[in-house]
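Now, the feature entries from TrEMBL:
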DOMAIN    B:24-200  domain 'Heme-copper oxidase subunit III family profile'
TRANSMEM  B:24-45  transmembrane segment
TRANSMEM  B:65-85  transmembrane segment
TRANSMEM  B:97-115  transmembrane segment
TRANSMEM  B:135-158  transmembrane segment
TRANSMEM  B:179-199  transmembrane segment
Amino acid sequence: MYLLAGGFFFLLGGLEALLIRIQLMYPDLDIFVGGTFNQLLTMHGTTMIFFAAMPIIFALLNAIVPLQIGARDVAFPFINALGLWLFFLGGVILNASWFLGAGAPEAGWTAYAPLSTPAFSHMGVDFYVLGLQVAGIGTWLGGINFLVTIINMRAPGLTFMRLPMFTWTAFVTSALVLFAFPAITVNLILLMFDRLFGGAFFNADMGGNVVIWQHLFWIFGHPEVYILILPAFGIVSDVISTFSKKRLFGHSAMVFATVLIGFLGFMVWAHHMFTVGMGPIANSLFALATMLIAVPTGIKIFNWLFTMWGGQVRINTASLWSIGFIPTFLIGGMTGVMLGVAPADFQYQDTYFVIAHFHYTIVGGMVFGLFSGMYYWWPKMFGKMLNEKLGKWNFWTFFIGFNLTFFPQHFLGLMGMPRRVFTFLPNAGLEMGNFVSTIGAFGMTLSILIFLLNIVITNRSEQTVPADPWDGRTLEWTIPSPAPEYNFAQTPLVRGLDALWVEKMEGNGQISYAEPLGRIHMPSPSVLPFLMAIGLTFAAFGFIYHTWFVAATGLIFTFVLMSIRSVKDDPGYYIEVEDIDEGVKV
Amino acid sequence: MEPVKTTLPAYPEKATLEGRNKVIGFWLFLGGEVVLFGSLFATFIALRQAFHTGPTGEELFDLRLIALATGILLTSSMTSVMAIVGMHRNDVKSLRTWMSVTIFLGLCFLGLEIYEFTHYTSMGHKMSSSPFGSAFYTLVGTHGAHVIGGVIWMILLVARLPKTGLTVVTAPKFYLASLYWHFVDLIWVFVFTVVYLMGKVG
């Protein structure tokens, strides 16, 4: 569900990106200018970060984390469903702005005040505020759910230091979600009060302070980029280790690097604000903290290389995406250090150099990682293998298209092309770079179409997949593909890092179990989460259109449902022993 | 009708996996709430001197009223502890009585806050009158909303208690409600210091 909805929003955000690039293909074009262009780039950024990247990550966390820790389900299935519906309807609220005559939000994905205050923007920003608020609550609940799942529901013997890297990054990511999202929740509340109830938080005439928005936004926003990239690190670690037929080099160093990156992610938000005028002391401290992040990240890069060194590296689509990830993410990281030099940042500020930097980290890092993870876990999730031939086309067109698009943007930025403007003048030396960049964007579009074709073809094929198609090392490969609804018929017993590999090396042929086969308790399905999310969506529209009656009804409806949930207990149901598939031999 | 006394484990709220999940999940929830209130406090501190043409905190606040509200809320924290002590003794009557006292004190606090807010608006201190006003109502109001939520939650639990009885399923709910109540009280200590004391004295 997360994957489907996230994939849909990804296509939407991608389309917006393509339109942006078409407008910037030649100088002086006037296809999407002024407000339309602002709406496109605002929606591209917002959609990609909140409604494409996050849910696709959550889809993988949902599908794989319980399998990797030997759990039957996440800790709170009810909250899981609630989170999904809140995220999805939040996306619907945001995108409804295109169609309701109001026009989409246009204040940039960062929605800086005062640009986003009523004085300088129209109704679109209301959709931004309430759409993100609803979706943010959903994401936040999801974070708590994964944390509890990983803390409390690990199989016997699976100590923290034996957790697979993907689960470790899921853990740190969820912790970041937990502590980062309340900051943007508050920020959106402040903006909402300013826009709807005449609040004066960002009204400088009355002594309000617009820099509060930037602080709160980046206290959320900087950890957010680590929320996006850490799971990709985890995927790459698992994939490289599997396809090198070696345990991950420096597993414990990787764990500490992950935790350290998570921690430092909270210490550096003000590096987005060097030019705000915080003074040299604050700028120096934040510059220093920012550059420190390169240390644990460097540890990770070397550990991946050392894992492959001397391993029996198998090249297929999944490992190609992971191997391609290393150089592209490295470039993104290096330009990050350049931007972290506070005095130099005054030069790079708001140019295409910044655009190139963060697309190299988020696309060259996270998207590559996610593709790798999808090719790797597709058989476990859907019981079929994605086509390898199309997969390689998918990879190479994307890899080339991506570098064509974003590599020239470094130079465009250094030559002074500012971000967020809808055109440029001829004979300023910017034509070539922009033209190549747009061609690259078409390359990536082609690649995504190949991927969609691959899904369709795979879906139609009749093949069946064994439990362990990749000669895997971790627990998810001990159960049938696709995973049954109860995941594990018997809770596995873990006896070391890479639990399945330990058993393979000892020639046991299968994992050992911590419990006898018994009937399995399952939670009942419930319609309440969906209704709750609907209630909040109604309330959001009520606020957007200033109809307090609708807003109040929606909120009360949701609170009544919460009360029903809180007093009613879910007895669940049981799957009897004779209906359970026996364990798989591998 | 009093449910039959059954043998409950020593810590019924943590006796099942579901219970343990809930307790850990709730602590994490409170961790997130700390950031939420932290952001609101930071905003308030940044704007606490931005009075524009509206009244200042020094003109508005009456520390006697606030001290009374503080006393009531801190006492209710103690009574909610008594309720949980009763629960651990498997004493349903004690649980219900002390929970009810906690609810009553929570309602008293809310009454005082409603009086306070209407009084302030009559003095021209509104959401729109100054950044200080916006920050004040957002911070104190968010705390108040948490109090309302806690009171409704406890009312529901106590009202259902005769029917559900005290089991390993219901025990975590009471435990968490009490935990939540402590948290709300703790936040009030900061509100009292940062908003009222600093507004009056600092």
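Cβ coordinates are placed from backbone N, Cα and C, and glycine is handled just like the others.
Sequence-remote contacts of a segment are chain residues at least 6 beyond its ends whose Cβ falls under 8 Å from one of its Cβ atoms, and for the transmembrane segment (B:24-45) they are 135-136, 138-139, 142-143, 176, 179-180, 183, 187, 190, 194-195. The list of residues near the transmembrane segment (B:65-85) in space but at least 6 beyond its ends in sequence, with Cβ under 8 angstroms from a Cβ of it, reads 94-95, 97-99, 101-102, 105-106, 108-109, 112-113, 116, 174-175, 177-178, 181-182, 184-185, 188-189, 192, 196. Remote same-chain residues near the transmembrane segment (B:97-115) are listed as 65, 68-69, 72-73, 75-76, 79-80, 82-83, 86, 140, 144, 147-148, 150-151, 154-155, 157-158, 174, 181 (criterion: CB distance under 8 Å, separation of at least six residues from the stretch ends).
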